[in-house]
Amino acid sequence: MDGFLRKVMLKKHNISTILVIISSFCLFLYYLNNNYNVSYYDETKYIDISSSILKSGLFEIVEPLRTYLYPLIISIFSFLVSGNIIITKVLVSVFQFIIYLITIIYLAHVSLKVTKDKKSWYFVLVAGGLNPYLIQSTTLFLTDILSTCFVVIAVLIFFSENINKYRISTPAMILLFASVMIRPSSAIFIPIIFGLVLIRFYKKRDFNIIKIFLVAVLSLVVFLPQLYNNVVHFNHWTPLIHEDLYSSQSMWATQYLKYGTVISPMEVPQLYYYSPFNLEGITNIYQMSYKNTIAFIITYFSHIFGVLDWGYVDAYIKSFYPISRLVASFFLYITWFVILSGIYFYIRNKKNRDNRYSFTLFSTILLSVVYAAFIGTTCVESRFGYPIFLLLLPFSGIAISSIMSKTRVIYYSLVSCFLLIILFFWVSFTIDLQTKRIDWYNFFLHGEEKKVERFIELNGGLEWNFVVGLSNYKIVQVTLSNGDISSNQNDMLVTKYNGKTLKFDDSFSQADKYSYRHWENPKHLVISISNKDSGWEQGYNPTTEDIKQYFNKKPYKLVY
């Protein structure tokens, strides 16, 4: 009888797990359907680099801001489907989703081993497998989710498996180094992980340190293509990126509480959460710490909150007030509460700390704290919080196992969770006000969006001039007299008569590009128009009247 019950429970356990995985896959298909045929901004750059790899080879990448490995992965899938970018994006998305699912299952396994309670297994699966932010990120040509998964898997292997075996330690080391070649900021984890490996060796002596050193040296081959391209093309001996991006990040950290990118019709995609402080004479976050300490504390903790609060879940939204933002944030805040509760219960319960996975959990806490401290000195994007979330996810299972054991604990936890959700939404909506474009309070009070958009209709009534005619397109310019237009190209959006967004390109390599010449007097907006669109033949130079007639029939829009 006992054997029969055990089989029934095991079958029930398997069915529940499969249902969660199926639900996760359905969520993945939903976001894949939204994103598979469109790519914007950072995505297009990775596509361009992957095309360059297929055309010129891996060792001809001239890219100062991005590493080689993620474009290489895209190029491999692109090669398999003869360059069809839509099919490539689908295949890369499936690949990223599979890696992500493996990571979540591994995290759930660790939580189960600590608690010996299947409730912890299920909660980690649900919290990770149904997280809309992370599932959506698997359907984009962005590096964050893949790099994060590689780091997390490497950490779990290094601190919970038998790394004395080459077949275990070698994949872990390669994944760790590969995560850096996908997203360079992951390099912050390497010295901490190596330090923790030495601590494990000192405490347990359960592996050969010479073996690990040898594996690490041999795995450095992962960095060679990046090092080669930097030396040959930039004369810069570094295995990371050529540009000193962190200097810019530490400067932007003083100017913005947060940064985000969402694509919305007729809206500038970049969301800048401006600092409310006067920071004249302050050039980076470190100067801010002693020149304006109060501003530093508020700004720094706003950055930390940005790691916890991920804002919009969809990459493409119809307005700044979608219901998906509220639902996804609600899900995320609950998970953060459970994770933080799990850390509390883990520290308090000595039985958990005596578990063989205790060093693994200690390592995830230390890595998360150091990473959060580092990220706080940068201009935070929501995706910067992915590594912390996944590293700490096993603690959510520990919390559920502890909370569900006593009715009184359940009651206190529900009340505390409710209060934390209210606090998080209040802070989140208050920080949103700093964009000067989003006001959730007004939306809830009056049921309408706060209209903060300023725009100019680019019609025939403006002062237009012909610049130059090229093979398939013409370049024209319009004089702008509005003194309040920002000099930052990222603060404006130019759209055609049909709603298509023009891309900024000072070189005007093709049609449907724009550039804002804010340094000229008067200022000019320059636009490239295809001959097919305008009806102007190759070799014909349109007159001012021709240009005005075109824009009278097909007015563009400049949002600023």
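The first residue you see is number 1, and the count goes up from there.
Keep in mind that glycine also has a Cβ here, set from the backbone N, Cα and C atoms.
Now, the feature entries from TrEMBL:
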type     : residues : note
TRANSMEM : 12-32    : transmembrane segment
TRANSMEM : 68-87    : transmembrane segment
TRANSMEM : 94-114   : transmembrane segment
TRANSMEM : 134-160  : transmembrane segment
TRANSMEM : 172-202  : transmembrane segment
TRANSMEM : 208-228  : transmembrane segment
TRANSMEM : 294-313  : transmembrane segment
TRANSMEM : 325-347  : transmembrane segment
TRANSMEM : 359-378  : transmembrane segment
TRANSMEM : 384-403  : transmembrane segment
TRANSMEM : 410-429  : transmembrane segment
Contact set, same chain, for the transmembrane segment (94-114): CB under 8 Å, 6 or more residues outside the stretch
21, 24-25, 28, 73, 77, 120-125, 128-129, 134-135, 137-139, 145-146, 149-150, 152-153, 156, 160, 346, 352, 355-357, 360-361, 390, 393-398
Contact count check, CB pairs under 8 angstroms to the transmembrane segment (208-228), set 68-87, 134-160, 172-202, 325-347, 359-378; argmax is 172-202
Quick tally over 68-87, 172-202, 325-347, 359-378, 410-429 of CB pairs under 8 Å to the transmembrane segment (134-160) gives the top stretch as 172-202
Same-chain residues at least 6 beyond the ends of the transmembrane segment (410-429) with a Cβ under 8 Å from one of its Cβ atoms are 305, 308-309, 311, 329-330, 333-334, 336-338, 341, 403-404, 440-441
Among the ranges 68-87, 294-313, 359-378, the one whose Cβ pairs under 8 Å to the transmembrane segment (172-202) are most numerous:
359-378
